[in-house]
Amino acid sequence: MESTWLIQILTFLLLTVNLNFINALPEILRIGGLFEVGDDPMEMAFKSAVDRINSDGKLIPRSRLLAQVEKVEKSDSFSASKKACGLFEQGIAAIFGPQSVETSTHIQSTCDQLHIPHMETRLDFRSVAANHSINLHPHPKVFGEAIRDLIRMKNWKNFAILYQENEALVRLEEILKDEVLREKKMVVRQFETDEYRTIFKEVNKLNIKNLIVDVPRENIHEVLRHAQQVDMLSEYHDYIFTSLDLQTVDLEDFQYAGTNISSFCLIDRSSTDFKEIIREWQSSVPVTRTNWLEEDPFISRASLLQNFTTEVALMYDSVKLLAKALHDLDRSKTINMNALSCENEEPWQYGITLTNYMRMITVRGLTGDIKFDRNGLRTDVRLKLIELTNEGLKEVGEWTSEKRVQFIGNYSKTMEEILKATLKNKTLVVTTFPGRPYTMFVEDYEKKGLTGNDRFEGYCIDLMNEIAKRLQFKYVIRLVEDRAYGRRNEKGEWNGMIRELIDGKADIAVADLTITYERESAVDFTMPFMNLGIGILFRKPKKEPPRLFSFMSPLAIEVWIYLLTAFLGVTLFLFVIARFSPYEWINPHPCIKTPEDLENNFTMKNTLWFTIGCLMQQGCDVMPRALSTRVLAASWWFFILILVSSYTANLAAFLTVERMVNPIESVEDLAKQTKIHYGCLMSGSTQAFFKNSNFSTYARMWSFMESTRPSVFVESNDKGVERVKKGDYAYLMESTSIEYIVERECDLYQVGGLLDSKGYGIATPPDSPYRGIISDTILALQEKGILQAIKEKWWSQKKCGPKDGTQKAAGAASELGLANVGGVFVVLAIGSVCAVIICIFEFIWKMKQIPRGERDHIFVELMRELKHVICCYGSTRPVRRTGMDDMGSQIIMQTPGNGIPGMPIPGYGFPHPIHAHGDFIPAFGMGKEDYS
Ligand code: ASP
């Protein structure tokens, strides 16, 4: 193969270099044509092509082509090769035809022996062309790829391949082996007889509406007729014909059904050659009006279009290619048309050059650019995508191996207009599910005499009216028969509205139908018209009976405990500090200038009375005098001030709020318990959500719901709401419906947030042509605020006032914890520490005023005092007198120790005399010397 390719390149270079030197082509160039009996269009095309080349005069100016035609019997290879030999003996440059596989192969081998180019226009499955074959028909793989790309682009959910001839499977190999398409539901059936209805009925039962049909072009009309008879030709059906000659079939009977019928076409109808040829043909056939060739409305469709097949166009192109090659050779080589004999098998010496040259050049023909690859197969093929519309077949796009399927600029606009036109004046069957406030019966509609669509009202009815008004179609509402939204069972069968759409019983489903991935695989959804999520509908909790000790509620229990501890602590502290502080020891009889005893007011009883009096905000007649005790008292007052104010404020909140017993506050709470049952709508997306969830909480909830008896699933939202109202049942419902219900049922409310987020959409049968335009309309309604207005209309009745008010208030009046009031405890603690420090300073200060000789070391005095306090030696003590002060008066000191005259000092057994002259009296029964 590589060497052939090299020879071709060398030939091309040689010829290009020698251009314009030699003009040696004979005046008459014979070319042979072998046509089967009955293949008149091919023969006509051949002759007409030769005439065109000769009359044009530009392609081969100095020579004329002479068509030598022979008729052969189909499949009679022997007579065909005899006739071919006869042509070879006349000296021909190439041979065209025949079309049938058997005879053509036979002729091919003779051509290969004699090196005569064999010009072919038939579909050939070989992946490498024979040596002297120039086949202009693209390889079947090319068409397979084009159809595969088109199906991929259409994104069909399922499809059937219906074929008649066995070779069709080779043609469709690219589709059958494509990985993406194999994942779709694909059904392959063969039409074994001309009774196509049987297969169509079978496909209809399988609910498949997308079909690839591979039948000879002569049978296309009959196939479509049979499809129409068994209801397989509606606007929901989509047909792709593999034949390249769909344009030659009269499709007028089917063009108003709205069925999408398309195919690829190789002929470039926009080329001038094509238009001219059609005009030439026009003069030789009876004239009637056509709707496809807009350029010339007076061309006979019956005779012309039915015969102007791809093979005919290829015949034109092959003659043109040969002529161009001969002309180029004419400028570079001497070519003689030798008479050749099939017997002595001596080849034509220019054959190889001519064949190779034809494979090297590019010629623009009726079927686009004619180019060959290194295997001798047609390359860079451009296929036109044609589609049947109300106005007949229209070119809507193009396929090339690089760019795949590309629609022409205004395709979608045109299609949209065509669809809108089809939809106008149509009556669509709308399936819906009755439920508040989407679709409801008008109150007393029977009494009011309402019938048909007028019986219904609600959000979905208004939405439908808006869409129908914009798209100008009529509709009839039907309630879904099995009263289900749509759920797939284990066998993969759907119920509810989804089933009705698949079965073709309804054209659209307009309800609170949730868009889910599973449903999307069976039907099509428009843009969502409402967004929502799953929520929990529950009955408001009962009021809690007032508790006996509810006055304790404003503070948390630990705060009460801390408060008690603080109270006792402060009391003790104050008592101790007051003992220590010399300024708290006072003269009990102010009239007596030199008292014998000093008294401390902060006895244990008094101190307790003081702290409790302050705590109750009643005050007390015992007041601190020393700085230390005052600091402590001030801290205590501050503590009480804050705590009591906080308590009072919170108590007020508690008294105004109704406390609720709220057992469920989130979905987790619901999942954790089994006392309160919970469930959802049967055969709906909510049920499917729990069933398919991998999230542990929801999976647990699903197994609970599934196993609970009696069943927790309900047939409609209304029944679910009734059950919630009875109590001990939570209903998992979609948030928009909850919103509607809680506005009207004041004892119900939504617990927690949403479990997911999704939307409602209008569903159409799979691959419905109307989905796009309905989606656009929904978008327009959304942008104009009409959807919002409709929602307001049906939801707005705000009977129950603000939601969750009680819940929030109850939450706001929560008890105060340590975190809330901890600060005041800290302040109190700081105050106490300051009091201790000040008290020590006071003690030291007073001690310092006693001459060193009359007292012990301060630390010893301190310890003695501590002991005195700990042992609770009473609140009166003798005055301790020291030397005279500057003013000549005696300094009266408190004496450490008990000091009650006549009373034995605990632990020591004898009283201490008090010396007014200021002698140091060892208070604890020890001699002075013991301290020095
Ligand atoms: N709107 C839901 C559906 O489409 C109903 C539900 O399951 O709550 O299935």
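We number each residue from 1, going along the chain as drawn.
From the backbone N, Cα and C atoms, a Cβ is placed for every residue, glycine too.
TrEMBL entries are annotated by machine, without manual review.
Among CYS746, CYS871, CYS872, the one TrEMBL lists as the disulfide partner of CYS800 is CYS746. Going through GLU466, GLU558, GLU722, GLU734 against TrEMBL, the one listed in the L-glutamate site together with THR514, ARG519, SER685, THR686 turns out to be GLU734. Screening the recorded positions ARG488, SER685, THR686 for a C-beta under 6 A from any atom of ligand 1 leaves SER685, THR686. Proximity of SER685 (L-glutamate binding site) to non-local residues of its own chain (separation of 6 or more, Cβ distance below 8 Å) is seen for TYR485, THR514, THR516, ARG519, LYS758, given in sequence order. In the three-state DSSP classification, SER685 (L-glutamate binding site) falls within a helix. A distance of 32 Å separates the Cα atom of ARG488 (site 'Interaction with the cone snail toxin Con-ikot-ikot') from that of ILE664 (site 'Crucial to convey clamshell closure to channel opening'). Cβ crowding, taken as the number of other Cβ atoms within 10 Å, peaks at ARG519 among the recorded positions ARG488, ARG519, LYS691.
Here the candidates are the recorded positions ILE664, THR686, LYS691. The one whose C-alpha lies nearest to that of CYS800 (disulfide bond) is ILE664. Taking the centroid of the Cβ atoms of THR514, ARG519, SER685, THR686, GLU734 as the L-glutamate site, the other same-chain residues with Cβ within 8 Å of it are TYR485, LEU513, THR516, GLY684, ALA688, PHE689, LYS758.
When Cβ atoms from all protein chains are considered, those within 10 Å of CYS746 (disulfide bond) total 12, not counting its own. Non-local neighbourhood of THR686 (L-glutamate binding site): THR514, ILE534, CYS680, LEU732, MET733, GLU734, each in the same chain, at least six residues away, with C-beta under 8 Å from its C-beta. Long-range Cβ contacts of ILE664 (site 'Crucial to convey clamshell closure to channel opening') within its own chain (separation 6+, distance under 8 Å): ILE536, PHE538, LEU670, GLN673, ILE676, ALA730, VAL751. Around the Cβ of GLU734 (L-glutamate binding site), the number of neighbouring Cβ atoms within 10 Å comes to 26.
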